[in-house]
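S.K.: Annotation source TrEMBL lists domain 'ABC transmembrane type-1' at A:52-233. Positions annotated as transmembrane segment by TrEMBL: A:51-77, A:98-115, A:121-147, A:168-192, A:212-233.
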Amino acid sequence: MKAWLPSLLRLLLVVLLVAFVTNPGWFQPLLKPLTENGAPAIYNQGSLLTLTFLHLRTVLIATVAATIVAVALAILVTRPAGAEFLPLSRSLVNIGQTFPPVAVLALAVPAVGFGEKPTLIALFLYGLLPIFENALTGLTTLPANVMEAARGAGMTGWQRLLKVELPLSAPIILGGIRLSVVISLATATIGSTVAAKTLGEVIIAGLLSNNLAFVLQGGLIVAALAVLIYDGLSAIERYTARRMGQETA
Amino acid sequence: MIEIEGITKRYDATTVVDDVSMVIEPRTIAVIVGTSGSGKTTLLRMINRLVEPTAGIIRLDGNDNRSQPDYELRRSIGYAIQGHGLFPHRTVAQNIATVPVLLGWDKARIKARVDELMTLYQLDPEAYGPRYPHELSGGQQQRVGVARALAAEPNVLLMDEPFGALDPIIRTKAQEDLLAIQKRFGTTIILVTHDMEEAVRMGDKIAVMDAGKLVQYAKPAEILAKPASDFVETLVGASEKPFRLLSLGRVSDAVEKGTAEGEAIPGDASQRDALAELLWSGRSALPVKGEDGKPLGRVTVDGLVKRAARPA
């Protein structure tokens, strides 16, 4: 009975999420008690479905870009020729993480204008660190005898990277991507302060009009997305790790 | 034929391999023995250029091993290491196919070769081919490791303590399998080990290394009979010498005329096993049978003891 319970809960969450963003009207009675003075209980200044889609798109673009840059950087600094850039790239990536996203937004708006762009920049910078650190760990902790065998079999540097090193560190790199995605999902909401179309719009509208129902529905959709995506990526990680006979945490 | 000429490897001030020269005849097994830190692994790794020598030349069938790119050289030389180093994310069949794929063989030829090697190593291609290395036992992983090294039909096979991680029973079996396969393919094998027992059992010639220098390079019987230095003597183990000497010979070479009571011992068993059997059963003679089961004669304790004495 214990084994199928988590799967059932996940399925239930998916059904609820899809139902809520496609037919929010159904949930009006539930949220009505949270509003005052006859304010609307369901966000009415745009479609929740569209906002969810745009929110996910923003996170996807930022994460893909962060993954490409972070993994490329990790590959570069783990080659003999790039080893001396390791401290430099570490500090660069760390700076990206220490800068609060709000500050990045404030600095980016004068440069690139309002809208999605400053949000993408903030999420990209914020998402680099977990992916870079994990890729670095993955690429530097490969089993020595496997690497020796790859060299001894006559693989070139590229062949070793593509056929052995990246596949072997894939579970760890995926772990970094997972962390980055979850951070970005939450952080993307503040993008709405600079007019990016994300679910943050609902939360901010709720805060401005003192409508708790808005804040709650915006927050819950983001939370549900985060939980489901985190779960899904964990499952892929476990699958790739298990295929290699690695123990999973 | 592998000619090693004046090979030296220095890391800063430390000389790991010091002016080593030796010739390994084709289709033979040369075993390099030494303690850890003797430079035996470094010497081996210079043959396929995983380590570049500081000085000296290594020729394979007359060609300098630096005459082609290092990765191409390595594809033409089999390489098996301790702990097998199988790719954990690839199936057994994909692991064995590693070098043929790098060489661009066509699919049918790769499949035929993988199936041939797996059958040779008593692994059913249908059952084991699609499995991942972690699903195999230690002995099976080791066999797959050697099969991978042999996949592209190399003339030369380098082995670095390939049996080190195996338990004694599986190790003996793996050694026998390797000898059989060496005979079948006529591969030249260079094997590194710290185990003199393994060296005597496997080697056509044994190279003893100490502190980077080649101390003695000779046939096993000669190493046992005339150790070149105290170090070789210690490595051989003084109390083990007569038994190691006997383990080199076959019973069929020690047969005397006459008959004896009891169960016959096969002619291709080692003389050491025959002596052990005689001592254990308290008899003075054993009958010997040939491969066809016909009696060949007998071996006696006296005869074997004479053979265990230091050769003149």
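Placed from the backbone N, Cα and C atoms, the Cβ positions cover glycine too.
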S.K.: Please indicate, using numbers and ranges, the residues of the same chain that are 6 or more beyond the transmembrane segment (A:212-233) and have a C-beta under 8 Å from a C-beta there.
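M.R.: Distant Cβ neighbours of the transmembrane segment (A:212-233) are 10, 13-14, 16-17, 20-21, 24, 27, 31-32, 34-35, 39-43, 48, 52, 55-56, 174, 177-178, 181-182, 185-186, 189, 199-203, 205-206.
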S.K.: Any chance you could find the range in A:98-115, A:121-147, A:168-192 with the most Cβ pairs under 8 Å to the transmembrane segment (A:51-77)?
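M.R.: Ranked by Cβ pairs under 8 Å, first place goes to A:121-147.
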S.K.: Same chain only, please: residues at least 6 beyond the ends of the transmembrane segment (A:121-147) with a C-beta under 8 Å from a C-beta of the stretch. Say none if there are none.
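M.R.: Counting only partners 6 or more residues beyond its ends, the transmembrane segment (A:121-147) has Cβ contacts under 8 Å with 58-59, 62-63, 65-67, 69-71, 73-75, 77-78, 89, 93-94, 96-97, 99, 101, 104-105, 108, 112, 160, 164-165, 168-173, 175-177, 179-181, 183-184, 187-188, 190-191.
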